[in-house]
Every structure is written in structure tokens, then in C-alpha cells.
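Novice: Reproduced below are the annotations present in TrEMBL:
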type: DOMAIN; residues: 26-138; note: domain 'Cadherin'
type: DOMAIN; residues: 147-260; note: domain 'Cadherin'
type: DOMAIN; residues: 261-366; note: domain 'Cadherin'
type: DOMAIN; residues: 367-477; note: domain 'Cadherin'
type: DOMAIN; residues: 478-589; note: domain 'Cadherin'
type: DOMAIN; residues: 589-704; note: domain 'Cadherin'
type: DOMAIN; residues: 706-826; note: domain 'Cadherin'
type: TRANSMEM; residues: 927-950; note: transmembrane segment
type: REGION; residues: 1008-1033; note: region 'Disordered'
type: COMPBIAS; residues: 1016-1025; note: compositional bias 'Polar residues'
type: REGION; residues: 1064-1090; note: region 'Disordered'
type: COMPBIAS; residues: 1072-1090; note: compositional bias 'Polar residues'
Amino acid sequence: MNYVQSSWVFVLITVEDIPDLDPQFTNLPNSARVEEGTPVATSVFRVNARDPDMGVNSPIEYSIKSASVNGLFQISPDSGVISVLSELDREQHLDNDGVITLQIEAKETKMNVDGINAAATSEIQITIGDKNDEKPTFYDCTDSCVLQSVFNGNIDEHSAVGLPVLGLHITVEDKDKGENSTFDLSLDGPDKDAFSVVPNRAVSRANVQVHMKSPTDVDFEEKESMTVTIIAVDSKDNTFSSSATVNIAINDVNDNSPRFEKETYNLEVAEHSPEGTPILRITATDPDREDAGNIVYKLLPESMYKYFTVDPNTGEVKVGEDGALLDREGRSFYPATLQAKDKANNTGTAILEITLTDINDKRPRMARPTYKEFVEEGPGVKFEVEIQAFDDDEPDTPNSEIVYAIVPGPFSDNFTIDANTGLLKMNGFLDREAIDPELNGLIELNVTAFDKGEPPLGTWAIVEITVQDINDNKPHFQRKEYNFTVKEREQGAYINSVLAKDSDQTETNNRISFSIRGGGDSSFSVRSFLAPDDMGYWGNISVDQDIELDYETRKSYSFTVEAVDTDRNSDEARVNVTVLDVNDETPTLKAGIVIVVKENTTIEGGVIGKIVGKDEDTKHELEYELVSSECPCFKDGVCKEEWFLVEPTGDVKINPEYDIDYEACHEVILHVKVTDILTEVGKNSSEGEVTVKIEDINDNAPKFIPVQPNFVVLAESTTKGTSVAKVSATDYDSGENALMTFKVLAVKFIHNNNQTEDPGIIFIVEDQTQTSRNCSGTINSLQSLERNWKGQYVITVEVEDNGGLSSTSEVVVFTVDQSFRVSLLFTSTVEAFNANQETIKWALESATGTTVHIMSIEGNPAQRAQKKITVVAYFIYPNGTALSHGTVLNMVNGNPNTEFRDVLFANGLSGVHTVIDETAKEVDMELYISLAVVGTLMILVIVLTTLLVFMRRNYQRKLKASKAMNSATMAIEDNQKSGPVVPGTNKYTMEGANPVLNLNIDTATDLGFDEDNSNGDRSSINSLDDNIDMNMSDRDTMPMMVIEEEDEDEQHYYEPTSMEAVLAGRGRKKGGSNSPSLTFDNPALSTTDL
């Protein structure tokens, strides 16, 4: 058997890289963009290539192998950053649209396996962004586009709108790109309004034409050539602009018709003129050159030729063959058209208006053979009759101009006639009574009419005029002025009459009516009555029925009475009416009468003023009477004293029985009645007010106003500037008289033993404030006060007003030692205490009979959760003595009026303490250390002693409990008392079963420790809240039963009340809402007693 043996091994073959790969571009081919005008060396693009060989990477070197445009860009051999090499101008490379192609070569700096430097190439296209830096430019592109600024073209005159000017090959180009190549085109120059440019806006490049815009302005005969300027402006930047001049030759076209100098010719020729009579030569002109001297004339319509003709070459107009038929009176006007035609058959026309002139061949003729007219007699009558005659000859010529005349007769002198118009008028006036009655007022006139022709021709007509009777006489007053009188207040009263007459004979013409005008038409009336014996008419004047004349308002009237006949002919007379006064006006007092008097005035005669009333009546007699006096200073307005009197004459006097006092009232209003004793009609009196203003004089000395019963100062803390008291004064005077100042006159100190010392003027009144009549100030100390003086300062203060009147007062300032400061503990907050401070202060003052001065209110940060505050106050009697904290405690707790105590407890009062003098705490550090050591040793002794006592008492309690159980069992059997035992105790549930039951255990009694006094425990318990229960009223009055401890060998033993029961009882008494407690701090105890 053949066995094959084998073994294996791992072989690790490492393939080493050799530089056999060409570089590879990672971001090519690509494109980039750069704006033209970019500064040289600005980076454009970064080319990145890598060597794909893994372990033999060779550094790459970059270069530009070729470029579509050389010299614009460069590349960094190391970084491959392409940057600007020279200034870029896109417009220099428009053939490739501003795109530059670069062929980039990346070459390895180390040779490859073939012994060459491996390389790779790729392309990048860089677009040069356009910048608006080119202006539009004009080119002449007739054959090839050449830069040009002047162009020449031509156009026929009057070509149609929109036709282009020929011969122009204008191209405008802006080499910028896109929006930057947009430009606007417009025309300028002397003939810009005749042409337009097309287009108005273009982009990059445009062929531009000039079109006809206003054919009427393009006229060869006016201008043979015209010039415009084309302006091209960059749309985005108007600073880029250019212009080109276009000269346009105007081609002449036979487009003009012959034109006459006038559109209408007015020709005249005499009627009945013979044939061939020349009238006028009329020629036309044609601006076209070929029409010069080649115009032919013709008269239209041809029917005109029998009356008029025209020479076709000269244009002379003549009378035709039937000229004898031209009669102006038959037809005076002949319209015709004169035509002129040129070689192109263009025609022009003119209107001929041929008028036949007149010759005198017609006689005037009257419009009517007879005129019948009527005229009224008397002056002022206008009579006009137009006599009309007509002449058919030409108007406004002597042949038709007519002259009128009156043939002389009996009444011809009473009339005139206008020779030219034929207007017949009266010369003066006619009187019907002056005409022969048989003629019945009829007058006849003979009027002729002749023309002014040669020879004159004429005719005549009869005018019959009837003269009518009219009312030609007006009324006349007998007198021109009348003076009457009438009493006031009489309605409808008859005053008097005026008389007027009319001379006309008939009733229709002489009837008269009267009216009032000017000044009396609303107050008076007039009625017309026929007077007897042909005297005329009366005009009775009366006061209007609804009017009462008032003498005081108006004393006289003057008005015009007019007399009018039926034709409103009138005459006027002046009437003066005097109103007679009747005493009917109510007297009045002028409002706002003011009399000024100084208080306490004594005037000889007593007169301080005079009241003068007003009465509009002519005759009046006024008397005055004081009705009442009003004092506004009093609430009810009633004056307490009658200071003033009013005499019937109006004199206002001072009542000598009283003194005027400004301080009582500064103003009195007198209600005065004024009466006219001569009144005839109406109310004879009225009331008014007279104000008497009283001026103040300085007649009152200032008076002190008590500020408070006493002042207290702490001598130990008083320094210069400390306020010790306040003063206040009032002055019943006012204004300047009430200004006051305070001054300290003297200071003395009275010791408690009644000894007196003079410390000098050590106080001053400062901060003086004046308000109206009151002044107040603060007494400040000028120095520190003696610390060991106890008593009171008596400060004499003077107050003086501006008038020198003064008064003095003594201000007592008690000095109180700090030992009398009392600390009140409240279970409250500072805010709540401030809100109820007045109530608390009242309760404290009522309970103690003192004045309470609260010095500070502070919260207790250590007991913030319990909201406790400490109030420091003094309790001071009016004599300056103060209460100590113990006295305050007893007076508050022992006051029989529980109302004050209830108020204090309701506001949180929980303790009264003394205030420890802070200066007592200033001891040496060594003393503190010694006291600390001693205190520590004492505490250790107390703790050890307490532990031994409690251990001993615990043993005794167990022993006594066992004995008590036995005793209880025996007592039940002997006394037949039954009931369940309270487990763990020696108590039974039935009364009398145990001597301990039903006893009121007071916390102040002995706790049953025979060996030791229980007061120590009691103090320790109370020291838990630093208070000792002082409220004895709620304690049980049952006699105390002392439980005596048995000897150890006795059979009966009674367990004293346990410490827990005492604590529970104390807790109930302190926590009960119906049993408030008042406590004070016991600094001798602390919680370390436990």
C-alpha cells in the first residue's frame, strides 16, 4: 500500500505597484465662467488630477497644452488653478461667442515603467461673461459693412406713410450679449417730425430704415432735401450711445395743382353793362416746373357764358353777349367757378362771386298809404311812429337811401321826423284840452319820402294821430311836514290827519290812497277818507293796534306819508311823532356792584359805599331797602350778625352794633330792593345783589395747635439734627398776614428730682412749612444730649406772623431710658400689623392708660414659617414716666376689660419681653471663651444627673405599678367596686375606683417625684417655646391633691401623674382656641435643660 505524505504552508505574495498608469482628471472635462474685465491673476477654475498608481504616486504637473485663443489664461503647474493672464474683452472673441477652449495636460513628474513621464489631456471651456461696455455702432452695409456716421437716401415728395427712404443700407450693432445688447432708436434733427425710424428697439444687431411719417411735411417745393439724425442708445445704460446723420433728397413729382391766390373772388359790374366790359384778370400759379406758362382757364358752368366769359390764356373775366339782361333788381348776384388746368390735368379752382352794382332806376314806395296812431296827453309821454318806405335799388347806396320830411301844417311843429329813419316823434307834449273839441283830438300830418339818386325819386303818406286824455296831475299835500304827539303804551291810539288833493277832474284820476314809508311802517297805520267840499282826501294816522310805544326805548319817530293816485302818481309829506313819557319802567340794580371794606373799620358816618339804581323813565324817584344779608362762608348762608345797613338813599353803612370780622366771613352779599315811588304803570320795584368784600387786616396773633400730648426722646441716641418734637400753629388772618415763623426762645431741663438746669439753646425749629393759614415745623437737636440726664426738656417756642403779632408755647420732651423699651411678639406679618396698627395701638393704650410710641417693627427671620414679628415700643404716661415690660404684661393680662386683650390676641399678640441692651454684649473674647467652657461643663453635669434620675424613676415606676395592681385587686374585693381596668395603668373606668381619676392635673403642680422638686421639670417643659403660661383665669379652681409617695415597704402605692399626661394637658391648654395664653421670654431657661 502506498502512503501519501503531505504538509502545507501559507504563502503571502505581495504585488508591488509600478508606475504604469496615466494620470486621471477628476473634474474634467468641465466648463467655467468669468466676467470680462476681471482683474489679471483672478482664479477661474481649479483642475484636479490624480495618479491611479497605488503605491508609487507621482506629483502631477499642470499646463495648458493649447487654447482656442492664446494669452488669455494661465494655469498653476502645482495647484492646477486656472487664472486670468491678460485683460478679457468678450467683444474681441465674438467669432466663438466668447467661449475659450483650453486643452489641459496633467503630467507626472516621475517617469513610468516605460521611461517617460505619463500624461493625460482634457478640455475645459471658459465662457467670458458679457459686461455692458459696448455702445451701439452704425454701419453702412451696401456691399460690406463699414463703420459709417453719414448716410444718403432719397424719397418722392408726399409719399405714403410707412414708405422707406430709398438708398439706405444702415445697420446698427451692439457687440454686447443678451440684455446688454439691447438698444433704442429714435430720430432727432430739424426734420425729425416728418419721418420715423424702424425698429424703435433692437437686440444685438438690426437693419434700420427711415420711413415716411408725415407726407405733408415732405414737399419738394418747400424743401429739396431734408436731414434727420438717428440716435442709438443702450437700453440699460444711456451713457452708451451713438448717432448717424441721414441726408434725404426729395424727388419732385407733378403733384401740385394750379392754385389761385384766393379761394373766392368778389367781382362787381354795373347792371345793364354792354358786352365785353372787362371785370378782372385772375391767374393761377403751379410750383411744378413743367407747368410754368402752360395753364388753361375755363368758366363753369358753361351756362354762365351768355352773361360772362373768360380768356383761356390770360384768365380775364368779361361781360357776355347778354349783358343788357343784367338787372340788379331781378338778380343781383351770380356765382361761378373759374377753373385752371396744368399739363398733368391737375386742376385748381376759385369761386367767383359776381355782384351787379346798382343804378337809380327805382322809385321809393310807402309801406302804408295811411298811418292811424293814438297818443296820450301830458308830458313824459313817449310817442314814436316809424314811417317806412322802400326803394328796390341797391341798399346802402344813394339810389336806395330815403329822406323823410313833414309837409308844413297846423300841428306840424308839434312833431319831428328823422330824415334818415322815418321815426316820427312828438316835439314836447300834447294837451288834450288845447285841441279843438270838434276835431275830437285828431291831428293829421303829411309825410314824404325821396331817394338820393340822380335824379331823386319820391312818394308820400297821411299820418292820423288821436290825442287821449290821461291822468297827468299828481296829488299834492297841503303841507310838507306835520308834527304830532302821542302817549306811550296806548295801542291803536288816533294821532292826527294829513290832507292831500289831485287836480284831475274825474274820480278815476283824482282818487288818493295813503301809505307810510321809512321809520314808522311797523308801528303806525294810515287810512284814507274823502274830505268835504272838494278839499281832497284825509289821511288819518294811528298807532298800530298791536303796538305799544315805549318812551324808554324810542322817544320819537319820523316817517314819510305818501299820497298816491290810481296811476301811482304820488306826493310825500314828512310826519314827526313825539312819544310822551309815562312812568312805566321797573327800576333795576346794575349787576356786579362790589363794595370793598377792611375788617374792624370805623368810618365817620359809617358810609362805605353808595348804591345807584337805574330807571329808564324821564321822571323817577328811587328808594332803597335792605331785604336780607347772605354770608357764603356759612353752610346755611345765614349771617350771624347784620354788619351792614342800607339807607333809602342808597348809602351802605356799617352797623355800629357789630364789628366786621374777616375771619368770621370774608364776603357779605346784600339783597337790596329798589323802588320807584313815581311809577304809574307796571311793576315799581326789583331786587338785586350788592357784594361787600371784606379785606383782611393783621388783627389775630398766631396760635399754637397741639400736635400730640407729649414727645419722647432717647438721650443716648440723639445727635445733631435729630428730630425731637413738632410744632404747629394757625393764624386766622389770611395772605401775607398769615405767614408765620417759629423760633426757640429758651430751653430748660427738669430732672426727675425736680432740679432744673439751663442747657442753652440746643434746639432749633427747622423744616417750616406754610399751608394757607397753618404753619408747621420740626424741632431738631443742635447737639448730642446728655446720656445720664433723666427727666424732661421744656422748650419755649415763639411763633410770629408778618405783622409782628406772636405767641409762645412750651413743648415738653421726655427723656426715656432704653431699659423701658418693651418688645411685643406678634404671630403676624409686618404688612398685616401695619394694616391694623391703629387698632392694636388703641388696645394697648386703653389697657395701660399710656401713650404708646412704636419705635420699630421687625420680622424674625429665624421663625419665618411661623410669621412672627417683634414690635419695640415705649409705654409712656403724660408725665413722662414709662412702663417696664413686666408692668405692661400685668396690665394687659390683668385688665378687667377683656375687650382690649381680645383685640390684641385676635391680632396675634403672643408675648411681652424685655429688650436686652446691646451694649451689654460688648465683652472680651476671653470672657466668651471662659463662659463657654463653664457652660459646657454645666451641661454635661446636668445631662448625667438627668439620666441617673430618669433611670431611678423608671425602676421605681415599674415597682409602684406592680404594687398598685395588687392594691387595686384588693380594693375591688373589699369595696365591691367593679369595672374594667385601663390596660397598662392603675386606673379604672369607674369613678372612685382609683384616687388618681377625676383629678384636674395642673401643669404647675408637683409631678410626684418625692426625691426632687418638680419645678425644674416644669421650667424645662416651658422652655420649649421660651414662654411661661401667665393666664391664671382658665385654671381649674379645684384644690390641689398631693399624691404622697409610699415607703417601699408599704402595701399601698399610688402612681403619680405621668410626665406624658402633664405634657398632654399643657398642650391642650396652650393650643385651645378658647384659652389664649400670654407669655414672656424667660432668658434663664433654654432647651438644653432637656
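Cβ coordinates come from backbone N, Cα and C, glycine included.
TrEMBL does not curate its annotations; it predicts them automatically.
It should be emphasised that the depicted structure is a prediction, and the values quoted were computed from it without experimental measurement.
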Novice: Quick check: do the domain 'Cadherin' (147-260) and the domain 'Cadherin' (26-138) share at least 3 Cβ pairs under 8 Å, counting only pairs 6+ apart in sequence?
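Specialist: Yes, since the domain 'Cadherin' (147-260) and the domain 'Cadherin' (26-138) share at least 3 Cβ pairs closer than 8 Å, they count as touching.
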Novice: Going by DSSP, how much of the domain 'Cadherin' (478-589) is helix, how much is strand and how much is coil, in residues?
Specialist: 4 helix, 58 strand, 50 coil
Novice: Pull the DSSP breakdown for the domain 'Cadherin' (26-138) and write it out as helix, strand, coil residue counts.
Specialist: 7 helix, 55 strand, 51 coil
Novice: State the mean pLDDT for the domain 'Cadherin' (706-826).
Specialist: 86
Novice: What are the helix, strand and coil residue counts for the domain 'Cadherin' (147-260) according to DSSP?
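Specialist: Across the domain 'Cadherin' (147-260), the residues distribute as 10 helix, 59 strand, 45 coil.
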Novice: With helix taken as DSSP H, G or I, strand as E or B and everything else coil, how many residues of the domain 'Cadherin' (367-477) land in each class?
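Specialist: So the counts come to 9 helix, 48 strand, 54 coil.
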